[in-house]
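Here the structure comes first, spelled out in structure tokens, and everything after it is commentary.
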Amino acid sequence: MNHLYKNPFRIYEISFHFCASLLLCFLLFSAQAVAGGGGGGHSWDGIVVTQANYQALQAIKHELIDFTGVLKSWNNSASSQVCSGWAGIKCLRGQVVAIQLPWKGLGGTISEKIGQLGSLRKLSLHNNVIAGSVPRSLGYLKSLRGVYLFNNRLSGSIPVSLGNCPLLQNLDLSSNQLTGAIPPSLTESTRLYRLNLSFNSLSGPLPVSVARSYTLTFLDLQHNNLSGSIPDFFVNGSHPLKTLNLDHNRFSGAVPVSLCKHSLLEEVSISHNQLSGSIPRECGGLPHLQSLDFSYNSINGTIPDSFSNLSSLVSLNLESNHLKGPIPDAIDRLHNLTELNLKRNKINGPIPETIGNISGIKKLDLSENNFTGPIPLSLVHLAKLSSFNVSYNTLSGPVPPVLSKKFNSSSFLGNIQLCGYSSSNPCPAPDHHHPLTLSPTSSQEPRKHHHRKLSVKDVILIAIGALLAILLLLCCILLCCLIKKRAALKQKDGKDKTSEKTVSAGVAGTASAGGEMGGKLVHFDGPFVFTADDLLCATAEIMGKSTYGTAYKATLEDGNEVAVKRLREKTTKGVKEFEGEVTALGKIRHQNLLALRAYYLGPKGEKLLVFDYMSKGSLSAFLHARGPETLIPWETRMKIAKGISRGLAHLHSNENMIHENLTASNILLDEQTNAHIADYGLSRLMTAAAATNVIATAGTLGYRAPEFSKIKNASAKTDVYSLGIIILELLTGKSPGEPTNGMDLPQWVASIVKEEWTNEVFDLELMRETQSVGDELLNTLKLALHCVDPSPAARPEANQVVEQLEEIRPETEVETETTPFGSGGEGGKDLGSNEE
């Protein structure tokens, strides 16, 4: 202290430093208070927002509807609080540069006053419920870089003025309700690299300026109504386009060659359009391409050999086109391929052995083509293969045991000469007692030793001998025909004498001897009269195989056609019990049930059932095995759904019978596309073990109700579940045996409806009719989901389904006309009189 008194200047120095420290602390405290006063957590440069920006934000708030209270911070306080406390607002030097309010539940509209935010760079309001139009004033914002308005309810057209934003880089207006054409001016921004306008209702052509943009790396226009040809993609130098998605539109014409010259392309999808012509071979020169989808078009020609050069390709989907020719042998060069879908084309030749070299492949679908030969053994080495389908080809031979154990029978159906894929379709045992069939090697050796040139005399003698043999064969055939005709005339004379008794017998059945073949033929009613010999000597054509047996189309000698089902041996009940059950089935008559006309018991235990022949085949083939040019309108689909429902309701209410195996394959269609339920009651003819196998097969095809895993018994409610699956099949065009994204058909439909994308459920063909039948489609979908409710008690009765379908679409005079039999005839009166 004494020292300080001695040095007064030291006192002044200490006082000065103390005051300076206090002033610095005060300034720091003041700055911190201003910066943190709003409590909004946003950084702020300390400059107050301009009055124009403040008024614009107030106008924006006024037109938005704040359902969740997120805009409470946008109060009427001074403009000094905007940048530091208002939710979703970011500023720079007193100017609003970003509005970020995604997933906030905001409704209302976007004010045109947003154009007053002259420094706005980013507008992010996606995943809300905002309606109205896209503000035209966005085109005034010269600093705008990103617009994210996807997943809202915006309508109207895309403003042309957006092309006036020179710095715009990302424009995403997807998943709205926008209409009109795509403005060609959008690509006037020299920095636009990402454009997403998918899932709207845009129409008109794809602007040439968009296709020829020098800056776009991502272009997604899927699920719109765009039409016309795809313009040439200008290629002169380096173009950065990596992703192109144009699927689910109405583009026509050929795939432009110039598109396949964008060397940086990684993903191309142009599925579900109307493209034609062939695939350009230049598409095989894209070194970075990972996914290529040309499915559901009318593309023809062959798969280019150049595709084997796509070394980065992971997924190739060419489903539902008109491609022909073989699969290139060098396909195994696609080392990264995990999915190959060539379903529903006209591709022929053998399945290449080289596919077995693609070790990473997970999904392989070659169904509904013209492949021949055996299934290559090399496919058993594909350890990652989880989805495999070669059904409905012309394959032959045994299925490799590894594949038959790993995949169910639906993967191999429709190949008549294929065997070993299920217990009901075993391969025949090898025959060790061959007839005189020489192998190529053994037949050539003797010819080398005994070969000599035939003389003219030898040739004449051989020709005369052959002619005599042919004449002798013709005489034998004529003699057999005369004998058969006389026998038939005698039988007809006998029938004429007893015709009155036959008519009075009605559906009770009339038995006749088996003729020369033996056995017993029992007729119910029907338009045709034939003998056992006529039936057994008819020209037969296999229509399909099932757990019950093999179905044939039989053409009788007089040209009439019937359907014959040969039941599998050792699966049916004893003769006495069998006849009692089959006689009861022969009495059932309804316009939507396939009528049993006769049955035959052979001398060796064979059992044949005779039905009306349905010219249009099964509903499954009608829906899934047609070409893209064959359209099925909603009127026809609803007619089929009503017919199935009526037939099932009659079985439940009038016959007290459960079908137990209702599938689209068991719904047959006549010439007028009337539905006839087949295979009802056949389980009553089977042993208990065989009937259980039938129900298990129905489950593998996706028609089995979930409660089967516990109760193991069929009921009227399990039939209604199967009916619901078939109605979903009619609505979606999808087969229930083909899982979508790992979900079965009801789960997939429910997931789409839950996301409020209900229109995505319906078959693309039906979407063209939505303006006239949109309500019918939605109401039928609700009914189908009711039928497939996991709880049996929640499902309606079959007769309730009939009533609701008739309420959804009342009958017209045309729809009420029915065709009694597949081939017409007198039987129409019988069916009409027996209808209840």
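Heads up, the Cβ atoms here are built off N, Cα and C, so glycines get one too.
According to Swiss-Prot:
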REPEAT    119-142  repeat 'LRR 1'
REPEAT    167-189  repeat 'LRR 3'
REPEAT    312-334  repeat 'LRR 9'
TRANSMEM  459-479  transmembrane segment
TOPO_DOM  480-836  topological domain 'Cytoplasmic'
DOMAIN    537-808  domain 'Protein kinase'
MOD_RES   T539  phosphothreonine
MOD_RES   S618  phosphoserine
MOD_RES   T636  phosphothreonine
MOD_RES   T700  phosphothreonine
MOD_RES   S715  phosphoserine
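By a simple count of nearby Cβ atoms, those within 10 Å, the most crowded of the modified residues T539, S618, T636 is S618. Note: the Cα of T636 (phosphothreonine) and the Cα of S618 (phosphoserine) are spaced 14 Å from each other. As a whole-number mean, the pLDDT of the repeat 'LRR 9' (312-334) in this prediction is 94. In this structure the alpha carbons, written CA, of S618 (phosphoserine) and S715 (phosphoserine) are 24 Å apart.
When Cβ atoms from all protein chains are considered, those within 10 Å of S715 (phosphoserine) total 16, not counting its own. For the repeat 'LRR 3' (167-189), the residues of the chain that approach it from at least six positions outside its boundaries are 126, 134, 142-160, 195-210, 213, 215-216, 220-221, 226, judged by C-beta separation under 8 angstroms. Distance from the CA of T539 (phosphothreonine) to the CA of S715 (phosphoserine) is 39 Å. A strand conformation is recorded for S618 (phosphoserine) in the three-state DSSP classification.
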